[in-house]
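TrEMBL has this to say about the protein:
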type	residues	note
COMPBIAS	949-964	compositional bias 'Acidic residues'
DOMAIN	670-910	domain 'ABC transporter'
DOMAIN	1314-1548	domain 'ABC transporter'
REGION	941-965	region 'Disordered'
TRANSMEM	32-51	transmembrane segment
TRANSMEM	72-93	transmembrane segment
TRANSMEM	105-123	transmembrane segment
TRANSMEM	135-153	transmembrane segment
TRANSMEM	165-184	transmembrane segment
TRANSMEM	423-447	transmembrane segment
TRANSMEM	453-472	transmembrane segment
TRANSMEM	531-555	transmembrane segment
TRANSMEM	575-595	transmembrane segment
TRANSMEM	980-997	transmembrane segment
TRANSMEM	1036-1057	transmembrane segment
TRANSMEM	1119-1151	transmembrane segment
Amino acid sequence: MKAAFCGNDNASAYDISAGVLKNVCFVDALNLVPHVFLLFITFPILFIGWGSQSSKVQIHHNTWLHFPGHNLRWILTFTLLFVHVCEIAEGIVSDANMKSRHLHLFLPAMMGFVAATTAIVYYHNIETSNFPKLLLALFLYWIMAFVTKTIKLVRYCEDGVPFSQLRFCITGIMVILYGLLMAVEINVIRVRRYVFFMNPQKVKPPEDLQDLGVRFLQPFVNLLSKATYWWMNTLIISAHKKPIDLKAIGKLPIAMRALTNYVCLKEAYEEQKKKVANQPNKIPSIWLAMYRAFGRPILLSSTFRYLADLLGFAGPLCISGIVESFQNDTNTTGKTSTSYLSSQDFLKNAYVLAVLLFLALILQRTFLQASYYVTIETGINLRGALLAMIYNKILRLSTSNLSMGEMTLGQINNLVAIETNQLMWFLFLCPNLWAMPVQIIMGVILLYNLLRVSALVGAAVIVLLAPIQYFIATKLAEAQKSTLDYSTERLKKTNEILKGIKLLKLYAWEHIFCTSVEETRTKELISLKTFALYTSLSIFMNAAIPIAAVLATFVTYEYQNEATLQPYQAFASLSLFHILVTPLFLLSTVVRFAVKAVISVQKLNEFLISDEIGDDSWRSAESSVTYESCKKHTGLVTINRKQPLRHQLDSYEQPPRRQPRPFETDDIAIKVTNGYFSWGSGLATLSNINIRIPTGQMTMIVGQVGCGKSSLLLAILGEMQTLEGKVHWNNINETDPSCEATRSRNRYSVAYAAQKPWLLNATVEENIIFGSPFNKQRYKAVTDACSLQPDIDLLPFGDQTEIGERGINLSGGQRQRICVARALYQNTNIIVLDDPFSALDIHLSDHLMQEGILKFLQEDKRTLILVTHKLQYLPHADWIIAMKDGYVLREGTLKDIQTKDVELYEHWKTLMNRQDQELEKDMETDQTTLERKTLRRAMYPRESKAQLEDEDEEEEEEEDDDDNMSTVMRLRTKMPWRTCWRYLTSGGFFLLFLMIFSKLLKHSVIVAIDYWLARWTSMENKTGDSTDLNRESKSYHVAVFSMLCGAGIVLCLVTSLTVEWMGLTAAKNLHHNLLNKIILGPIRFFDTTPLGLILNRFSADTNIIDQHIPPTLESLTRSTLLCLSAIGMISYATPWFLVALVPLGIAFYFIQKYFRVASKDLQELDDSTQLPLLCHFSETAEGLTTIRAFRHEARFKQHMLELTDTNNIAYLFLSAANRWLEVRTDYLGACIVLTAAVTSITYRSDSGLLGLGLLYALTITNYLNWVVRNLADLEVQMGAVKKVNSFLTMESENYEGTMDPSQVPKDWPQEGEIKIEDLCVRYENNLKPVLKHVKAYIKPGQKVGICGRTGSGKSSLSLAFFRMVDIFDGKIVIDGIDICKLPLHTLRSRLSIILQDPILFSGSIRFNLDPECKCTDDRLWEALEIAQLKNMVKSLPGGLDAVVTEGGENFSVGQRQLFCLARAFVRKSSILIMDEATASIDMATENILQKVVMTAFVDRTVVTIAHRVSQILDGDIVLVLSEGVLAECDSASNLLLKEDGLFTTLVKTNK
C-alpha cells in the first residue's frame, strides 16, 4: 500500500479551492508546525549548550524545584501524553480501515507525543539548573499548539462532526490541556517576573537542600522521580561498591524529624485537653489529636488507594474485551473511505485494549505504591511524635508513680517498643479499612454483570469463609503468645547453664541441666506446632478459597443457564475472584490491628494522664507550686529554624521561672520549714521537718536503715509530694560579681549520686563527665579521688570502654565509685551523695573521704549533703542531721549534740567501736583487689581471641581492603546457597522430598484447572447446538473440573503443612545440636566467647529459625512457582513470547541483584538503630531522679530525638527501597502483560488460551516483587542458620576415656592419694604452657595449700585435676589411676570442688544440693548442719523445698558460699578442692568454713588454693607456684625458715 500524507484514495484530498483552512489534511499539517518548532529550538539547547549556564545558587542537590505550579505542570503533561497515545491509536485504527495509507491521521500525533516528552525534559533541566530565561521557547510552543488545535476543533464544528466521534473528543481535550499549560507558563513568568521582566524575583532553596547531610530526597524531587523512586538509584547501586552505613543515608528532612511532628501532635493534644478541661470525667482523645496532626496525608493516601483499586478492575474488563473481540473477529468490517471512528468501535480493537491494559496497570501500580509510601511515611512520623511525647512524660513522671509500682519500667518499655509500633502498623493498614468495602462492592457488581446470579454464589462462598480466616488469625496470635512464654523460660534456663557452666562441668551435671532445657523446648515445640498448624491453615485458606469460589460459580452457571460459558466470561470472572479474595484476607489482619491499636491508645491515654512531678520553680525560689502551673506554659507557634532544636524543645517544655526572693541569711543554702512530705499516698513519710543546710560546708545525715534519710534528700530535690511546708533554695552570690567561679556554675543544677548506682550505656569517661565540658586536670583529680584509675587501666580501652547496658560488666563498688566521680566532676554549688560508701571497702571509703570529699570539695567551697552509715566520719562534718522514723531527731554540730544529747552521743560511740572492730577484720579482706581480679577475668579473654561470630568470610576478606574489595562485593551479592541447603537437609531428606514433590504437584494441578477451563469454554463455543451432545460434554467437563478443583484444594493443605513441618523439624534438630555442642564445649570456649553472643544464638537466632524462616520459605517457593507456571502457560499459548522474555529476564536479574544487597544493609541499619533507642528509654526511666537533679532533661531529650531520627531514617530508606523494587517489578509485569497480549493477538491463538495467557500474565505482576522480597528476607534470615552452624563446627571435650567406666571401682578415690608427675598444662594447643613440669606427692587425708602471685598457675592446677585444661605431658595419678585414662564424666563425678564465686541455680534448696536426687533427706540436713545453715533453712517456708531465686539472689553471698560447702559435703568424695573459696565472703563465714574443713573433712584430702596466705599457714604441706613452675614445696613452718624464700615474701607482703 502506497503511503502519502493525505492518502491516495481521494482526489479531493489536496483540494484547497474552498479555502486553505477548509482542507482537513492541511489543518493536520498545520498541527505539525508547533511540534517541529519546539524540537528545532530545544534539541540544540538540550544537547549542546547546557554546561555553560550554571545555577546562581550553590545547592548540593540538583533537585531544587521552585517554579510555581510545578506539580500541576507534570500532571497536565502526563495527561497530554496519554491523550496523544489515544490520538495515535485512533489515527492508526482509522487508517487501517481506509483503502490507502493516510499519514496525516497519526503523524502529527506522533510528533506531538515526542514534543510533549521533550517539553517536560527541557522544563526539568531549566528548573534544576535555574535558568528561567529559556522558558520563552516553551511559552511560544504552548501558544502555537493551542492556536493550531483550536483551528482544528473549529473546523470539525463547522463540518458538523458529531460529539460521539472519538477524534472530536480528543481534539477538544487537547485544546483544554494546551490552554491550561499555557496558563501555567504565564503564571510562572508573572509571579517570578521572569523572561520579559528586568529584575526577576530571587528565591532561596529550602534549608534541607542546603544541608549536605540530607540524603532522603523523596519530598524534593519531581513527580516522575517521586513515582518511580528514581532518586534511590544512586544509593542502591552504590551498595554494590560499599555497604550502606548511617553516613550514607544522612539525616532526616526537617519536616519528618521527631521534634517537628512532636510539636504538631502536642498542639493537637493540648487542644483536646482544653476541650475536656471542664468535664472532669472525660479524657482528651488521642485519636482526634492524631487525626488533627496526621489526617491530611492519610486522606491523600486513601485517595491514591481508591484510584489504584478502581484501576485494578481494568484488568478483568480488558481481558474480557480482548477475548470477546477475538471471538467476534471473524466478521471483520470492510474498508471505508471515511476517517472517523466512534468510541465503541475504537474500544473493540484488541490492540487498543492491550495498550490500555498496559497503561492502566502502570498507573494502578504507581498509585498503589504511592499510597503505601505515604502511609508508611505518616506512620513513621506518628511514631516519632509519640516517642517524643512519651519521653517528655517520662521526664515529668512523679517518682512515687515509679516507686509505688503504678508505672513499672516494663510498662514504659512496652509503651515504647510495642504500643507505638502497633499504632504505626495500624496507620500502615489504615487505608485498607475504607478501600476494601469499595473494592468488594465493585467486584461483586462486575461479577454479577458477567455471570448474573451464579456470581453471587461464588461471592457468598468467599464471604462465608472469611470469618474462618479471622478465627485462624486470632488463634495464631494466641499460639504465638504461649510460644513466647515457653521460649522466655527456656532462655532463662539456658542463661543459668551458661553462667554456671564451669560448676556444671566440674560436678559433671551438664546432662541434668541439658535435659531440663530440652523439656522446656519440647513444650515450646508443641506450642510451635500449634502455631505452624494455624499458619499452614491460613496459607491453605488463602489458596483454596478462590478455587472453591470459582468451582461453585461455574458449576452453578453451567446448570442454571441455557447459554454456554464463554471464554471472556470465564477468564474475566477468574480475574475478578483473584481481586476479591485479597481484601477479604487482609480484612482479618486489619481488624486485628485495629483492635490492638484501640488497646494501645487506651494504654497511652492512661500513661499520659498519670501524675506528674510538681513544678520546678522551687529551685529558683520557693516550693510546693501546684501542678496546674505546669500546664499553662505558652506553646511554640512557629518553629524557629535558626535556633538549635534543643533550645526550642526547652522553650516549648519549660514554664517561666519565678523571680527569686531576697533571702534572710546568706550562709544557708537550703532551708526546709515545717515540711510534711509524702510518696503520693497522702500519708506523710516525713513529718515536721525543719532543717537548714549551711552554704559551702559538709552536712551529714545519719540514722538507722529506713528512717527516711534518702527520702529527705528526695524531698529537698522536689521528688516527693509536698503536703505542707516549704523548701527554700538560696541563689548563692547572685548579686556579687566578684565571685566569677561561683557564677560560672549552674545555679539550678545539683550534683546527685543515688544510693543505687545508675550508669549510662556509654563510655566510662562519658559517664563521669555527664555532658559537662572535659577538663583534663579536673578529670584526673576526680578519678584519683575515687581510686578509679587502677580499674580504668584494666578495661580493654581504658576510659573509652563502653560499659554494658546498665553497667553490667562492672561490680557494685566500681559502679558506685563512677557515680560518685560523676557528682564530684560536675561544676555545681550543691552536691548530694546518698550513702556513697555502702558498696565500698574500708580502704576505698577512707581514700574517698580524704581525697574526694575533704580535699576536693572543701577546697572548692561547695555545699555537700552526705547520707552515711559510717559514723567514724562524723568528726569531719560541719553540720549533722540525725533522723529517726521520718522526723529529725537532732540537728547541729557534733559539739552541740555532745553537750545537748549525751545519750545519742554515747549510742554513736558504741556503734563506732563496733564498726572499728569490723574494720580490723575488713582490713584483711581486700574487696577491691577482688573486684579488679573479677574485672580482669571478664575483660581479657574476650580480646585475646577474635570473636567467633565474625568468622564469616566477609570479615576475613575486609582486612586487605583495596585488593579484595571486589571479592567482598561478590560475596555480598551471592545468595548463601550452602547454608540454605544445610537448613533444608536438617529437616530430613524425606520431608524435603515431600515438600518439593507436593509443591510441584499443587502448581501443576492449579495450572491444569485453568487449562481445563480454557478448553471447556473454547470447546463449548465451537460445538453446535446438538443438546444431547452438549449436555454430555457439559457433565464431562464439569466432572473433570470439579475433580481437579478438589485435588487442588487438598494439595494446598498438604503443601502448606509439609513446609511448616519441615521448618519445625529443622528448628528442632538445629536447637538440639546447638545445645549439646555448647554444653559439651571446652571451658576455654566460654572464657573467650562473651556470654551475650552465645545467648544470642539461643534467643534471636533460634526465634528466626523457629518462626520466620518457614513462612518466608513457603511464600518464596509459592510466588516463584506461580511466576514460572505463568511464564510456562503464556509461552505455551504463544511461543513468540519467549523472545520478548529474554530482555525482561535480564532486567529482572539486575533489579533483584542490586536490591538484595541494599535491602540487607538497610535492614541491618534499622535493627541496629532500634536497640540504642529502647535502651535510652529504659535508662532514663531508671535514672529519673539523677537526671532531674542534674537538670539535664534537655540534653537527654535532645539525645532521644537524635536516636529516634536515626532509627526513623533507616526505616524510611528501607521502605523506600521496597517501593523502588516494587515499582520496577510491577512495571516489568506490565511489560510482560503487554508483550503477552500483543503476541497472542498477532499470532492468533485459541480464544480460551488467549484468556488464560492474559490471566496468568496479570498474576505475574502481583508475584514478581514477592519473589525478590522473599529472597532478600530469606538471605537475611539464613544469617541466623549460618551463625548457629558456626558453633556446630566447634570441637567438644573428649568425654571418652581409654578405660571403661565399669573398670573404675565404685568407691574410687577411696584414699585420696595424689601423685603429680612432671605435669605440663596449657589451655589450648596453640597457647603457651601455664604449668611446666610440676612434681608433687600428696598423702591421703593431707591438708594442702597452694599459693603464688596472680597468674602463677594456681587455678590452672585445680582445673587440671578435672581435666578442664589440656594435659599435654606428664600425668596426675589419684589412688593409682591415671586420670587421663578415665571417662570425663566418671572423673568429675567423683571429686568435689568449692569455687570462688558461689553459684546457686533457680529451683529448690534440695535441687541445688543434689540435682541428681541420689541422697536421702537426712544426708542433706546433715550437710546443712555442718555448713551451719540448718536453722536458717528450717525457718524458710518449705524447708528443703524452699525456693531459690535466679542466681540465689535471695541469700547473701556468705550464705551462698556455705550452700556450696554443703553441696561439696553431700558428694562424699575423699578429695575436696577449694579454689579461693573464701575470697568473696566476710570473716564470720570464712571462720565457719575453715572450722568445717578441719572437722567434717578431717579424713579427706583437701587442696586449698589461697588468695590470702594466712589461710594455709596451718596446712600439712604448701606448694608455692611461680610463673607455672613449682618453686617451693614443704610444710609452712619449714618454708618460713627460708628468709629469702618466695613463701616468706608472700607472707610478709600479705600481712
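Just so it is clear, glycine is given a Cβ too, placed from its N, Cα and C backbone atoms.
Contact count against the transmembrane segment (105-123) (Cβ pairs under 8 Å) is highest for 135-153, out of 135-153, 165-184, 453-472, 1119-1151. On the 0 to 100 pLDDT scale, the domain 'ABC transporter' (1314-1548) averages 82 in this prediction. Using a cut-off of 8 Å between Cβ atoms, the transmembrane segment (32-51) and the transmembrane segment (575-595) share fewer than three residue pairs, counting only pairs 6 or more apart in sequence. Just going by CB pairs under 8 A, the stretch in 423-447, 453-472, 575-595 that sits most against the transmembrane segment (531-555) is 453-472. Within the chain, the transmembrane segment (453-472) has long-range Cβ neighbours (under 8 A, six or more residues past its boundaries) at 443-444, 447, 534, 537-538, 541, 545-546, 548-550, 552-554, 556-557, 560-561, 573, 577, 580-581, 584-585, 587-588, 591-592. Non-local neighbours of the transmembrane segment (575-595) in the same chain are 312-313, 315-316, 319, 422, 425-426, 429, 432-433, 435-436, 439-440, 443-444, 446-447, 450, 458-459, 462-463, 466, 469-470, 472-474, 477, 541-542, 545-546, 549-550, 553, 1255, 1258-1259; each lies 6+ residues outside the stretch with a CB under 8 Å from one of its CB atoms.
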